[in-house]
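Colleague: Okay, so Swiss-Prot annotates it like this:
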type: COMPBIAS; residues: 1-40; note: compositional bias 'Basic and acidic residues'
type: COMPBIAS; residues: 51-65; note: compositional bias 'Basic residues'
type: REGION; residues: 1-94; note: region 'Disordered'
type: MOTIF; residues: 10-17; note: motif 'Nuclear localization signal'
């Protein structure tokens, strides 16, 4: 017997501890806690190696789960035609189509959702932070700090906006790049109207840009459409509607948008 199998030899000769199963169960139950503890407390190279190991484990686990799911799915047609004749009472039954029906239902639902929330510009170019912000140095000559940023793109601020004190203002939005109105085109009516902007709903670049009210190509803004006289099915006047910016406001000097209907 090879020298490295002494543990197996001992087990064959003397058997296991009487509480072996209980100890194994408890050890397996503690593994989750130990993994969590290591993930939080390890630092440096050991942490990197540990995270790499965990990543590979998770990838393998996901592959295994996917394989199990594919194995359990009932296919729409049998892999090979059956050679045995079916009895009379089974002839009217179709082959199992659970997976096919479920798949088509999910696809239809996704298509409806996509149509409901479709926008004129589904993809936009990413904007780097260097392009979005200009570093502003502040402080005395001997100790200049570079923690302030000036936004180089057009922005929207509400009517009740007040600047923070200069010492605490991290992001500067220049007055010359603040916009209050947008040229909104109604796609069905084919008219373009200048409407006041109410708020910035979503900037596709970054959630922080949404908070700052940055207006870039592809941004979703809410505009006041009360001038258009749109009404709901119940007869109420529509006040605010969403629109997507279709031009580059920093180049054109104006905000052009298409109403989402």
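Glycine residues also receive a Cβ, built from the backbone N, Cα and C atoms like all the rest.
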Colleague: With a Cβ cut-off under 8 Å, give me the same-chain residues at least six positions beyond the ends of the compositional bias 'Basic and acidic residues' (1-40) that come close to it.
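Modeller: Those are 50-51, 54, in sequence order.
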Colleague: Using DSSP, how many residues of the compositional bias 'Basic and acidic residues' (1-40) fall into helix, strand and coil, respectively?
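Modeller: Grouping H, G, I as helix and E, B as strand yields 33 helix, 0 strand, 7 coil.
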Colleague: For the compositional bias 'Basic residues' (51-65), how many residues does DSSP put in helix, in strand and in coil?
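Modeller: Breakdown, helix to coil: 15 helix, 0 strand, 0 coil.
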